[in-house]
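Colleague: Checked TrEMBL, it gives:
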type    : residues                         : note
DOMAIN  : 8-284                            : domain 'Tryptophan synthase beta chain-like PALP'
MOD_RES : 37                               : N6-(pyridoxal phosphate)lysine
BINDING : 67, 170, 171, 172, 173, 174, 258 : pyridoxal 5'-phosphate binding site
């Protein structure tokens, strides 16, 4: 018999082709914590253990819009650490509940301060506890997790045939890691960044509130090399939400609104280049958004 620890189930997600479309997507919502963020959570914690930054008995503190917090909690608690997750109060109730059920300590910050307020509070707690902060927004291991694992999986599953890769930007790790890998294999591949309409940091817009949780934090992450990006597409809340609902009806895929944003953008590229294979990711599950009324 071969039985697995839950941490061993992170990664190696299947590739899905949308029905009657030339769009393929990594089903990252099938990770044990329910999102793509399980990958960098595991990678950052284990890298810190290896280099001695994280030692037994230390507390882990991380600012997040939710999914990284779930991943950090899942991995951290499983490894015996006390975990503190700091997030803006406007994130979905399900995300908060999942973190608490998994054994994490939840600290909320004003929604008006966006993720920057959560980062500031997390830094205060790290000093107070002499703890460890994975710091997904600056930690290169975040992107490395996708460069070493997500991207090679996608490339091989797609038969090394991808013409464009589309991804929203939160911490920047997903698009940085995958785009770097794909550009090395195919320099002419189109990398498309997706951001919420009117609050795109890449286009120089001011931070603002929107309803696509997990992307559009209002700043350009330090670990993101913007020269990798060939196109920037802005998606409205309504388009992201309606596309997310449509995925459930047309493809039986229960995903979150950032998945809807990715698919909406992928379809724009597919209309321009109907012969292309467009790849993207489905970052998380729908169930953590039901209380928002968006789905």
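The backbone N, Cα and C atoms fix where each Cβ goes, and this holds for glycine too.
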Colleague: Among the binding-site residues 170, 173, which residue has its Cβ surrounded by the fewest other Cβ atoms within 10 Å?
Modeller: 170
Colleague: Within the chain of residue 174 (pyridoxal 5'-phosphate binding site), which residues six or more apart in sequence place their C-beta under 8 angstroms from its C-beta?
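Modeller: The answer is 36, 146, 150, 167, 168, 281, 283.
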Colleague: Return only the integer: C-alpha distance in Å from residue 171 (pyridoxal 5'-phosphate binding site) to residue 37 (N6-(pyridoxal phosphate)lysine).
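Modeller: Here the two Cα atoms lie 10 Å apart.
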Colleague: Give me the Cα-Cα distance between residue 173 (pyridoxal 5'-phosphate binding site) and residue 37 (N6-(pyridoxal phosphate)lysine), rounded to a whole Å.
Modeller: 9
Colleague: Cα-Cα separation of residue 67 (pyridoxal 5'-phosphate binding site) and the residue listed as 'N6-(pyridoxal phosphate)lysine', in Å?
Modeller: 6
Colleague: Reduced to three states, what secondary structure does DSSP give residue 174 (pyridoxal 5'-phosphate binding site)?
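Modeller: The residue in question, residue 174 (pyridoxal 5'-phosphate binding site), is helix (DSSP, three-state).
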Colleague: If you draw a 10 Å sphere around the Cβ of residue 37 (N6-(pyridoxal phosphate)lysine), how many other Cβ atoms fall inside it, taking every protein chain shown into account?
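Modeller: Neighbour count, Cβ to Cβ under the 10 Å cut-off: 31.
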Colleague: If you measure every Cα to Cα distance among 67, 170, 171, 172, 173, 174, 258, the residues said to bind pyridoxal 5'-phosphate, what is the biggest one in Å?
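Modeller: So the binding residues stretch over 15 Å, Cα to Cα.
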Colleague: Distance check, please: Cα of residue 258 (pyridoxal 5'-phosphate binding site) against Cα of residue 37 (N6-(pyridoxal phosphate)lysine), rounded to an integer number of angstrom.
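Modeller: If we compare the Cα positions of residue 258 (pyridoxal 5'-phosphate binding site) and residue 37 (N6-(pyridoxal phosphate)lysine), the gap is 13 Å.
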Colleague: Can you tell which of 67, 171, 258 has the least company, meaning the fewest other C-beta atoms within 10 angstroms of its C-beta, among these binding-site residues?
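Modeller: So among 67, 171, 258, the binding-site residues given, the one with the fewest Cβ atoms within 10 Å is 171.
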Colleague: Kindly state the mean pLDDT of the domain 'Tryptophan synthase beta chain-like PALP' (8-284) in the predicted structure.
Modeller: 95
Colleague: Near the pyridoxal 5'-phosphate site, what residues other than 67, 170, 171, 172, 173, 174, 258 in the same chain have a C-beta no further than 8 Å from the centroid of the listed C-beta atoms?
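Modeller: Near the pyridoxal 5'-phosphate site, beyond 67, 170, 171, 172, 173, 174, 258, sit 36, 37, 68, 136, 168, 169, 175, 214, 215, 283.
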Colleague: According to DSSP, collapsed to three classes, what secondary structure does the residue listed as 'N6-(pyridoxal phosphate)lysine' have?
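Modeller: Assignment for the residue listed as 'N6-(pyridoxal phosphate)lysine' reads coil.
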Colleague: To the nearest whole angstrom, what is the C-alpha distance linking residue 172 (pyridoxal 5'-phosphate binding site) and the residue listed as 'N6-(pyridoxal phosphate)lysine'?
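Modeller: Taking the Cα atoms only, residue 172 (pyridoxal 5'-phosphate binding site) lies 11 Å from the residue listed as 'N6-(pyridoxal phosphate)lysine'.
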